[in-house]
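Peer 1: Let me begin by handing over the structure; questions about it come next.
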Amino acid sequence: MPPPAPGARLRLLAAAALAGLAVISRGLLSQSLEFNSPADNYTVCEGDNATLSCFIDEHVTRVAWLNRSNILYAGNDRWTSDPRVRLLINTPEEFSILITEVGLGDEGLYTCSFQTRHQPYTTQVYLIVHVPARIVNISSPVTVNEGGNVNLLCLAVGRPEPTVTWRQLRDGFTSEGEILEISDIQRGQAGEYECVTHNGVNSAPDSRRVLVTVNYPPTITDVTSARTALGRAALLRCEAMAVPPADFQWYKDDRLLSSGTAEGLKVQTERTRSMLLFANVSARHYGNYTCRAANRLGASSASMRLLRPGSLENSAPRPPGLLALLSALGWLWWRM
């Protein structure tokens with residue numbers, strides 16, 4: 001193979017103006033527009049600037065930058081109508097152009113073509129545009145009844161192809177992929193779910209959240225009975241968990257109670273609990289009370305007592321069958 005013609009040695013420098021990256025071509029030129037080696041790759045992030053430079057010498061008579069088959073610059077002559085592409089340097093040693101605010105449409109093959117006194121030569125660089133991952137669509141907030149199914153969708157775009165991960169913020173549960181399927185959902189699975197996407201282009205991933213609300217019927221979690229003397233204040237308390245929040249009602253025997261001076265009591269209800277307040281306990285107030293918590297999915301009830309001090313009755317209701325069990329144990333002890 002004959003040695004390369006004078007001036008045939010070329011380096012192609014591709015530099016990111018913002019990132020300060022540089023790529024230098026690997027060797028000698030291909031002759032007569034025949035490319036015997038693959039083009040160098042030059043990667044830049046969307047929105048950054050890219051500088052493409054040909055390093056030449058005094059033997060070069062004509063030089064041009066092309067994108068695919070379109071001439072961008074031939075010497076000082078501008079051929080492109082894109083205002084983002086401009087001539088940066090044109091000297092006997094260097095011919096450089098600048099592309100500002102690089103977009104996906106700029107990705108592709110760029111060719112530096114020049115003419116020496118003997119023949120034409122070219123070298124190439126392939127511009128790769130990376131796009132940070134971002135979420136373009138995500139499910140709206142979801143409300144479902146306990147036992148139902150939920151599908152959450154999170155669509156992300158970016159180059160390279162981004163990963164998508166779903167995470168439940170309450171317990172850290174994670175799932176890979178754009179779609180998160182939850183079958184037979186339970187109340188403990190309610191809360192915020194976060195979609196996170198990343199492709200390594202930016203240090204910070206993109207993330208968005210979806211609130212999942214699980215409806216379920218009331219469950220009474222705590223009750224408080226009282227043992228109070230005549231003329232003193234007393235309080236009975238009932239707590240229930242439910243979504244939507246439960247509506248509370250109080251009963252004495254089978255009679256629905258309400259706040260009022262005639263009854264001598266007051267019903268005070270907050271989000272998850274209700275209290276029956278007695279400002280001045282009288283004899284007619286003693287007895288059994290029932291708290292009922294209900295929403296559109298169901299209801300739950302619990303009993304409690306307001307007792308006199310010194311009463312032999314236990315203020316806490318005993319489980320069914322406990323009295324019978326105690327009686328049987330006492331009879332066995334007496335027989336021994």
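Each residue, glycine too, has its Cβ placed from N, Cα and C.
These numbers come from a predicted model, not from an experiment.
Residues or ranges marked as domain 'Ig-like C2-type 1' by Swiss-Prot: 33-122. Positions annotated as domain 'Ig-like C2-type 2' by Swiss-Prot: 132-217. Annotation comment: Swiss-Prot describes N41, N49, N67, N137, N288 as N-linked glycosylation site. Per Swiss-Prot, signal peptide is recorded for 1-30.
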Peer 1: Output, ordered by sequence, the same-chain residues six or more apart from N67 (N-linked glycosylation site) with a CB under 8 Å from its CB, or 'none'.
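Peer 2: Listed in sequence order: T80, D106, G108, L109, Y110, T111.
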Peer 1: Can you tell me how the residues of the domain 'Ig-like C2-type 1' (33-122) break down into helix, strand and coil by DSSP?
Peer 2: 3 helix, 51 strand, 36 coil
Peer 1: Mean pLDDT over the domain 'Ig-like C2-type 1' (33-122): what is the value?
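Peer 2: Mean per-residue confidence for the domain 'Ig-like C2-type 1' (33-122): 88 out of 100.
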Peer 1: Give the residue from the glycosylation sites N41, N49, N137 that has the most other Cβ atoms within 10 Å of its Cβ, counting over every protein chain displayed.
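Peer 2: Within the set of glycosylation sites, the most crowded position is N49.
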Peer 1: Sequence gap of 6 or more, Cβ distance under 8 Å: name the residues on the same chain that satisfy this around N288 (N-linked glycosylation site), in order along the sequence.
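Peer 2: Expected: K252, D253, S303, M304, R305.
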Peer 1: May I ask for the distance between N137 (N-linked glycosylation site) and N49 (N-linked glycosylation site), taken between their Cα atoms and rounded to an integer number of Å?
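Peer 2: On Cα coordinates alone, these residues lie 29 Å apart.
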Peer 1: Give the residue counts of the domain 'Ig-like C2-type 2' (132-217) per reduced DSSP state, in the order helix, strand, coil.
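Peer 2: Tallied per class, the domain 'Ig-like C2-type 2' (132-217) gives 3 helix, 54 strand, 29 coil.
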Peer 1: Quick one: what's DSSP say for N288 (N-linked glycosylation site), helix, strand or coil?
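Peer 2: Looking at the DSSP assignment, N288 (N-linked glycosylation site) belongs to a strand.
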